[in-house]
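Visitor: Per TrEMBL, the features are:
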REGION    338-357  region 'Disordered'
TRANSMEM  40-63  transmembrane segment
TRANSMEM  119-136  transmembrane segment
TRANSMEM  143-161  transmembrane segment
TRANSMEM  193-212  transmembrane segment
TRANSMEM  224-241  transmembrane segment
TRANSMEM  261-281  transmembrane segment
TRANSMEM  288-308  transmembrane segment
TRANSMEM  314-332  transmembrane segment
Amino acid sequence: MNSIHMNANTLKYISLLTLTLQNAILGLSMRYARTRPGDIFLSSTAVLMAEFAKLITCLFLVFNEEGKDAQKFVRSLHKTIIANPMDTLKVCVPSLVYIVQNNLLYVSASHLDAATYQVTYQLKILTTAMFAVVILRRKLLNTQWGALLLLVMGIVLVQLAQTEGPASGSAGGAAAAATAASSGGAPEQNRMLGLWAALGACFLSGFAGIYFEKILKGAEISVWMRNVQLSLLSIPFGLLTCFVNDGSRIFDQGFFKGYDLFVWYLVLLQAGGGLIVAVVVKYADNILKGFATSLAIIISCVASIYIFDFNLTLQFSFGAGLVIASIFLYGYDPARSSPKPTMQGPGGDEEKLLPRV
């Protein structure tokens, strides 16, 4: 029993470390990749390549689930994707939404410093809660409504701290980005565009997450098979996005213009992010996820000071503190802390399929 308990605790700490690093490193890496000197890669192509990487990974995981039997693997794919077209079509909506969302995240990372991006993107908690109430008819606790209010206040403070003057923001990082832009690298900095892109990504993230949770309920399909469906349908949307947004540049400069080892690392990091969360979420409760997100914000702030010359102000720190507090408050369930035994309803296990935020 002691060894089982130790293994469970070990998995919890591994989950904490994995979630924290994935949350922090992705934002920092995206910002660096979009502002460093030299040829800049096309973000639409990076999003498409991430979908290819996710598809290959999920196909391997489904193959493993089928006992590494090639015939069973092919039959399973045919039964789920080809023989059940209506179910596959349901996945078209989140497929398109995730492609647009990931492109918006690159726009946001191009125009917001990593710390502001990391804090602002936590607004997805609010949009996820809104869609959970509207689509899933889920009721929020009073503490969760209070947490959402704190979240909005914190993000407003962070944004105001970054717009009060050049001294309050990332002056060095902006200068570096401007230098890169003048040499044909990073796009010119536009904080308002970055903010709107982040808000759009938050809105789409909330909708796609809740919609995906809704279609998972009642369906006897593994998370990996659902991700195969998602990627298969996301790839055509990704190709369309590439040629609509960057068609002329792709034909003139090539699909992989600006790619190097760091960009390929970023593609794999983005592809693996959602899959990592899907793996560790069953070991991580809301408190643990709150720690992971909060530590990621702190790491992003500290790293931004050294990497991007970010100037951490008192107002930004207070706003980030409110966001961190709201994350813990939103995940706090008073009923769980009471000693009363609770009966789990028929939908109890289904709600654990995806994290709520």
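Including glycine, each Cβ sits where the backbone N, Cα and C put it.
Note that TrEMBL annotation is computational and uncurated.
What does the local environment look like for each feature on the list?
Guide: Residues 33-34, 70, 73, 76-77, 99, 102-103, 106-107, 110, 180, 184-187, 222, 224-225, 227-228, 230-232, 234-235, 238-239, 241-242, 245-246, 249-250, 255-259, 263, 266-268, 270-272, 274-275 of the same chain lie 6+ residues outside the transmembrane segment (40-63) yet bring a C-beta within less than 8 angstroms of a C-beta in it.
With a cut-off of 8 Å between Cβ atoms, the residues of this chain six or more beyond the transmembrane segment (119-136) that come close are 27, 105, 108, 112, 144, 147-148, 151-152, 154-155, 158-159, 195, 198-199, 201-203, 205-207, 209-211, 213-214, 293, 297, 319-320, 323, 326-327, 330, 356-357.
Here the transmembrane segment (143-161) has Cβ contacts under 8 Å with residues 116, 119-120, 122-123, 125-126, 129, 168, 195, 313, 315-316, 318-327, 329-330, 332, 334 of the same chain, all six or more residues outside its ends.
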Visitor: By Cβ distance under 8 Å, which residues at least 6 away from the ends of the transmembrane segment (224-241) in the same chain are close to it?
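Guide: For the transmembrane segment (224-241), the nonlocal Cβ contacts are 44, 47-48, 51-52, 54-55, 58-59, 61-62, 65, 76-77, 80-81, 88, 91-92, 94-96, 98-100, 103, 212, 216, 274-275, 278.
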